[in-house]
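Here's the structure, in structure tokens; my notes come after.
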Amino acid sequence: MMSASRLAGTLIPAMAFLSCVRPESWEPCVEVVPNITYQCMELNFYKIPDNLPFSTKNLDLSFNPLRHLGSYSFFSFPELQVLDLSRCEIQTIEDGAYQSLSHLSTLILTGNPIQSLALGAFSGLSSLQKLVAVETNLASLENFPIGHLKTLKELNVAHNLIQSFKLPEYFSNLTNLEHLDLSSNKIQSIYCTDLRVLHQMPLLNLSLDLSLNPMNFIQPGAFKEIRLHKLTLRNNFDSLNVMKTCIQGLAGLEVHRLVLGEFRNEGNLEKFDKSALEGLCNLTIEEFRLAYLDYYLDDIIDLFNCLTNVSSFSLVSVTIKSVKDFSYNFGWQHLELVNCKFGQFPTLKLKSLKRLTFTSNKGGNAFSEVDLPSLEFLDLSRNGLSFKGCCSQSDFGTTSLKYLDLSFNGVITMSSNFLGLEQLEHLDFQHSNLKQMSEFSVFLSLRNLIYLDISHTHTRVAFNGIFNGLSSLEVLKMAGNSFQENFLPDIFTELRNLTFLDLSQCQLEQLSPTAFNSLSSLQVLNMSHNNFFSLDTFPYKCLNSLQVLDYSLNHIMTSKKQELQHFPSSLAFLNLTQNDFACTCEHQSFLQWIKDQRQLLVEVERMECATPSDKQGMPVLSLNITCQMNKTIIGVSVLSVLVVSVVAVLVYKFYFHLMLLAGCIKYGRGENIYDAFVIYSSQDEDWVRNELVKNLEEGVPPFQLCLHYRDFIPGVAIAANIIHEGFHKSRKVIVVVSQHFIQSRWCIFEYEIAQTWQFLSSRAGIIFIVLQKVEKTLLRRQVELYRLLSRNTYLEWEDSVLGRHIFWRRLRKALLDGKSWNPEGTVGTGCNWQEATSI
């Protein structure tokens, strides 16, 4: 066994090493946005990590045992904008702890048991806009050192131990403050002196939340001549009398929005009546909301006598036993009744009302006509209402309506095509039960409608003119309905401005090839949750703006006729997930198309085979099908490839010979311009010019020669000139053989073409002139030329008087063969397939 001394000698250095390793190196922070946002929550850090980039802007250090923040704790993060230090067990914050964070806009200190807060704790935060100090053991605003934070807009000190509502003098420096949350503190009384700073330096945009404070007294005049944007008092009063007294203490307050009431399941009041709100007559209120009063209110109209002139009135979760009527005496422009309990649908006669929100209410299932001549916005959703007849101007008492939401209601019988409601722009019927939708053109009058939702309305489309009149419609949602014979006909012919169309869950199996032809502006099309068995791309060829096409959750096995070329080029996202792909050889081209289009397909990795059974559940991308083809097909295919290859090689090799053949066929009976086409090396051009041309063209009879330096057409390929200007327009060919000729590729090329020319035209002749002795070893390299010179008569140039005489006599005789000559000129005989020419 290891001795105790040796064990200690091993453990002590190991423990020393481990103590030096920082925990932040063991548990790295999560990089949410590279170099910008890092989440270091619950990593057991006891100090600020220094292994993050200087460019970090958003840092979450919540739930780490930091306990103490010293000066310049965040010196390494000069670009920081959002810092979350929630529940870090921080007890002490020293002077300059946030120094250097000049860009920080949000600081969250929630849930820290702060015991020592230095006067300069928040120094350096020159851009701070939001400070959250919830549950920080704060006992007073007086000692909270934030008076220098002139950019502060939101201060949240809820759930603390603050007992006095007195706003310190430094609030006069917080000129940008818009929201002060003092909810869930210990404030019981408000005195005039508490709000002195608001008299001296009014904060006109300030929203003040005093909810969940045990209020029992507000000194009359405390809020006199004070202007607030919003005041919230919920769950503040334990009795009706206290509530009445405190509301009277608000006399003289001018507030844009006042919120009174309680929270769900947290009510303190035992009863509530109209006297509670009598003090509101002494306030100037623009918008009023009363929330969560679970009491049966008998005379609701009398309850709000002091609120007749507010512009917006809202009741949320209030139980109302009876309502006489909302009459013309109220000057409200916006009325909101949400989640309330009514005995019956209220009678509404409000001349100035522009917006009515009546949603999620209970009781009064039958809709009764209203008289709202100025109404522009009407939300009657989620009430279970039934409409015996809909919809026209007489139902709502207005011709100004632009927004109508009747979703999540009961049976709605369509008996009118919106006469008098031609200004409608938004119409929502989703999850209501529509009757008589396919009996006539319901929407014929709605030429200004932009948004229409008839999803899950039990509509069965059997009339092609159902959407006639909707010429301005941009969004159409009709999911969860059905079509006659599960076939989509041409019902969108007038919807030329449509950009969004939802046809999901409509049990569709087929669609007309021209169903979408008029939708050139369509960008999003949802065809998911239907019963299509193949992907037919033809109907989408006219959708030039389409970007998103969803065909998920159908029964697609393959593409129709394996044709996929009709998808518009604008398409960016195609969803084919959760379909019944057939992974067989028969559909191999479609499966390969899926692999090729993986950039276009959404969640392509989720596309799996459904058949055959041995490949069920296998991702299409990982599929590798080996298809056995018929041996005959393989043989024919291979033979075809070989034949095509051989033909291509022969055409390539004998291209110019074929060109010559084509020329002979074309010019076969034409007239020759030249007596001979001269083939020679450019090195022998002096002899050709001084001897050959001079003696033949200036002699008697004269002969016309074709020479490349003189007679070839500029700008035409050399090979084309040789064939068209040389061979096709000449009776004979003169070949000037020399060592230079043998070594020239162009000369050999011309000679080979000349052989083909002689073969094709039986009247043609080749005259060989050996200009100088040629080495036999060099001549043997050109086998055909060597063989011809060995078997045929040729002319040999001799530079002597007798040799010249014999040379020119023999050459003229060869050229005269087949030539008609008279003193007036020279005329060729033309192509003659019966004549033969020889030397």
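Cβ atoms are placed via backbone N, Cα and C, with glycine included.
Feature annotation from Swiss-Prot assigns disulfide bond to Cys29-Cys40 (among others). DSSP assigns Cys29 (disulfide bond) to coil, not to a helix or a strand.
In the three-state DSSP scheme, Asn35 (N-linked glycosylation site) is classed as coil. For Asn35 (N-linked glycosylation site), the Cβ neighbour count at a 10 Å cut-off comes to 13, with all displayed protein chains included. Marked as N-linked glycosylation site by Swiss-Prot: Asn35 (among others).
Sequence-distant contacts of the repeat 'LRR 3' (103-124) (same chain, six or more residues past either end, CB-CB distance under 8 Å): 57, 62, 78-97, 130-138, 143-146, 148-149. Annotated repeat 'LRR 3' per Swiss-Prot: 103-124, in sequence order.
Residues 126-142, 144, 178-191, 193-198, 200-201, 203, 209-210 of the same chain sit 6 or more residues outside the repeat 'LRR 5' (151-172) yet have a Cβ under 8 Å from a Cβ within it. Look at Swiss-Prot and you will find 151-172 tagged as repeat 'LRR 5'.
Under a cutoff of 8 A between CB atoms, and with a sequence separation of 6+ in the same chain, the neighbours of Asn173 (N-linked glycosylation site) are Gly147, His148, Lys150. Residues or ranges marked as N-linked glycosylation site by Swiss-Prot: Asn173 (among others).
Among the features that Swiss-Prot reports, N-linked glycosylation site is placed at Asn205 (among others), with the record citing sequence analysis. Non-local contacts of Asn205 (N-linked glycosylation site) by the CB criterion (under 8 A, 6+ apart in sequence, same chain) comprise Glu178, His229.
Remote same-chain residues near the repeat 'LRR 7' (205-225) are listed as 158, 165, 177-192, 194-195, 198-199, 231-238, 242, 245-246, 248-254, 263 (criterion: CB distance under 8 Å, separation of at least six residues from the stretch ends). The annotation repeat 'LRR 7' is assigned in Swiss-Prot to 205-225.
Cys281 (disulfide bond) falls within a helical segment according to DSSP. For Cys281 (disulfide bond), the count of additional Cβ atoms within 10 Å of its Cβ stands at 13 [all protein chains shown]. Swiss-Prot lists Cys281-Cys306 (among others) with the feature disulfide bond.
Positions annotated as N-linked glycosylation site by Swiss-Prot, on the basis of sequence analysis: Asn282 (among others).
Per Swiss-Prot, N-linked glycosylation site is recorded for Asn309 (among others), and the stated evidence type is sequence analysis. In the three-state DSSP scheme, Asn309 (N-linked glycosylation site) falls into the coil class.
Residues or ranges marked as disulfide bond by Swiss-Prot: Cys390-Cys391 (among others). For Cys391 (disulfide bond), the same-chain residues lying six or more positions away in sequence with a CB closer than 8 A to its CB are Leu404, Met414, Ser416, Phe418, Leu421. In the three-state DSSP assignment, the secondary structure recorded for Cys391 (disulfide bond) is coil.
Among the features that Swiss-Prot reports, N-linked glycosylation site is placed at Asn497 (among others), with the record citing sequence analysis. Sequence-distant contacts (6 or more apart, same chain, Cβ under 8 Å) of Asn497 (N-linked glycosylation site) comprise Ser471, Ser472, Leu473, Glu474, Ser521. The secondary structure of Asn497 (N-linked glycosylation site), as reduced to three states from DSSP, is coil rather than helix or strand.
Across the residues of the repeat 'LRR 16' (497-518), the predicted structure has a mean pLDDT of 97. The repeat 'LRR 16' annotation in Swiss-Prot covers 497-518.
Reduced to three states, the DSSP call for Asn526 (N-linked glycosylation site) is strand. Taken from Swiss-Prot, the feature N-linked glycosylation site applies to Asn526 (among others).
The repeat 'LRR 18' feature in Swiss-Prot is assigned to 545-565.
Sequence-distant contacts of Asn575 (N-linked glycosylation site), defined as residues of its own chain at least six apart whose C-beta falls under 8 angstroms from its C-beta, comprise Ser528, Val548, Leu549, Asp550, Tyr551, Ser552, Leu601, Val602, Glu603. According to Swiss-Prot, the feature N-linked glycosylation site maps to Asn575 (among others).
Within 10 Å (C-alpha to C-alpha) of Asn282 (N-linked glycosylation site) lie the following recorded positions from Cys306, Cys585, Asn624: Cys306. Beyond the repeat 'LRR 16' (497-518), the same-chain residues lying 6 or more positions past its ends with a Cβ under 8 Å from any Cβ of the stretch are 455-456, 471-483, 486-491, 524-533, 536, 538-540, 542-543, 545, 550.
Taking Cys306, Cys390, Cys583, Cys585, Asn624 as the recorded positions under consideration, the smallest Cα distance to Asn35 (N-linked glycosylation site) is found for Asn624. Of the recorded residues, Cys585 (disulfide bond) and Cys306 (disulfide bond) place their C-alpha atoms 80 Å from one another. Note: the CA-CA distance between Asn624 (N-linked glycosylation site) and Cys40 (disulfide bond) rounds to 44 Å. Applying an 8 A CB threshold to same-chain residues 6+ apart, the list for Cys609 (disulfide bond) reads Phe581, Ala582, Cys583, Lys615, Gln616, Gly617, Met618, Pro619, Val620, Leu623. Of all Cβ atoms in the shown protein chains, 23 besides its own fall within 10 Å of the Cβ of Cys390 (disulfide bond).
Taken through DSSP, the repeat 'LRR 7' (205-225) splits into 0 helix, 5 strand, 16 coil. Per Cα geometry, Asn526 is the residue among the recorded positions Cys29, Cys281, Cys306, Asn309, Asn526 nearest to Cys390 (disulfide bond).
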